[in-house]
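Novice: Heads up, here are the entries from Swiss-Prot:
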type     : residues             : note
ACT_SITE : GLU211               : active site
BINDING  : HIS53, GLU56, HIS148 : Zn(2+) binding site
Amino acid sequence: MQDFLALTLQGEQPATREGKQANFSWRWLGEGLLECTPHAQYDKAVVLSAGVHGNETAPIELLSHLCTDLFAGRLKLAVRLLLVLGNPYAMRQGKRYVHDDVNRMFCGGYKNLPVTEESKRAEVLEQTVATFFQESSSQAKRYHYDLHTAIRASLLPTFALFPYQTHSYDADLTASLEAADLDALVYHNAVGKTFTHFTSENFKAASATLELGKALPFGQNDLSQFASIDEVIRNVVSEQALPVRNKPKIRVFQVSDSLIKKDEEFHMNLSAEAPNFSTFTKGEIIATQPSGNYVVEQDQVWILFPNPNVKIGLRAGLVLTETI
């Protein structure tokens, strides 16, 4: 198997589309889609995805190195694994997305958008993941780690978002995120159209979206900054014990509200460079628009993903409260 990332960026296929290694079989399922199944019995089916936003290159490079080490025998595969490079079309152009945000297209969201390379890709990703989980052992627990980097700086540099779900959250997933030295966990309060909501809702996978620092071009990442999460995902796929957490106790937040842009004249009381987890206190105005201002009712809230430039009707930010 040739270089997974290089093939994807070049839009090429490997010389052979399937093969066997010392302890696993593999299949190239299409552009940026690689399935690996251990010869031995397994009890987990794991999706590792990156590049759903094409310019978030560090996680893409982490998955590429992990793949290389699996094929070189430096890392032993103990789970059934699907590696996903989400948006090759945008990756080649160094853009977050070209037409529309792929991470708002899942759970059938692509059906409400014009047909583009990216909407077609979202459909392919849904179908590929569905087949992967359906063809995995019925006894295998299902996991999905979707790796991202953020557009803006963050007062809590690394964090994970759990999709809203009615079934209980998986303790092993949470333990792995704590071991990865993440700074915070954020629990969504409503259904969404993200990749992880799709896998959680439809396949009861233990799913999380990981935000791991700043987006930089290929080759400019200091991957040593991602050593903790890299170690954890390698331990997950090889079923090794998780490392000990080296940071203070992880902070936990709940989404309490979404800031929806209802009018063209929409302003947020944050600078353009304001980091994620910026705070507001009771009585302060977070956003103004003719249809009504957003005034803080709680003692303190934190703002995540503020973006006043979204289209009307879309979310311009998340309002969080901290769970003590």
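Positions of Cβ are set from backbone N, Cα and C atoms, glycine also.
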Novice: Can you tell me how far the Cα of HIS148 (Zn(2+) binding site) sits from the Cα of GLU211 (active site), in Å?
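Specialist: So the Cα of GLU211 (active site) lies 5 Å away from that of HIS148 (Zn(2+) binding site).
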Novice: Give the three-state DSSP assignment (helix, strand or coil) for HIS148 (Zn(2+) binding site).
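Specialist: DSSP assigns HIS148 (Zn(2+) binding site) to strand.
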Novice: Beyond the listed site residues HIS53, GLU56, HIS148, identify every same-chain residue whose Cβ lies within 8 Å of the center of their Cβ atoms for the Zn(2+) site.
Specialist: ALA50, GLY51, VAL52, GLY54, ASN55, PRO59, ARG96, ASN103, LEU147, THR149, ALA150, ALA215
Novice: How big is the gap, in Å, between the Cα of HIS53 (Zn(2+) binding site) and that of GLU211 (active site), rounded to a whole number?
Specialist: 12
Novice: What is the Cβ neighbour count of GLU56 (Zn(2+) binding site) at a 10 Å cut-off, with all protein chains included?
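Specialist: There are 26 such Cβ atoms around GLU56 (Zn(2+) binding site).
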Novice: Hey, how far is GLU56 (Zn(2+) binding site) from GLU211 (active site), Cα to Cα, in Å?
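Specialist: Here the two Cα atoms are 10 Å apart.
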Novice: Show which residues of the chain containing the residue listed as 'active site', separated from it by at least 6 in sequence, have their CB under 8 Å from its CB.
Specialist: HIS148, THR149, ALA150, SER154, THR158, PHE159, ALA160, LEU161, ASN276
Novice: Let me know how many other Cβ atoms fall within 10 Å of the Cβ of HIS53 (Zn(2+) binding site).
Specialist: 24
Novice: Neighbour count, 10 Å Cβ-Cβ cut-off, for HIS148 (Zn(2+) binding site): what number do you get?
Specialist: 24
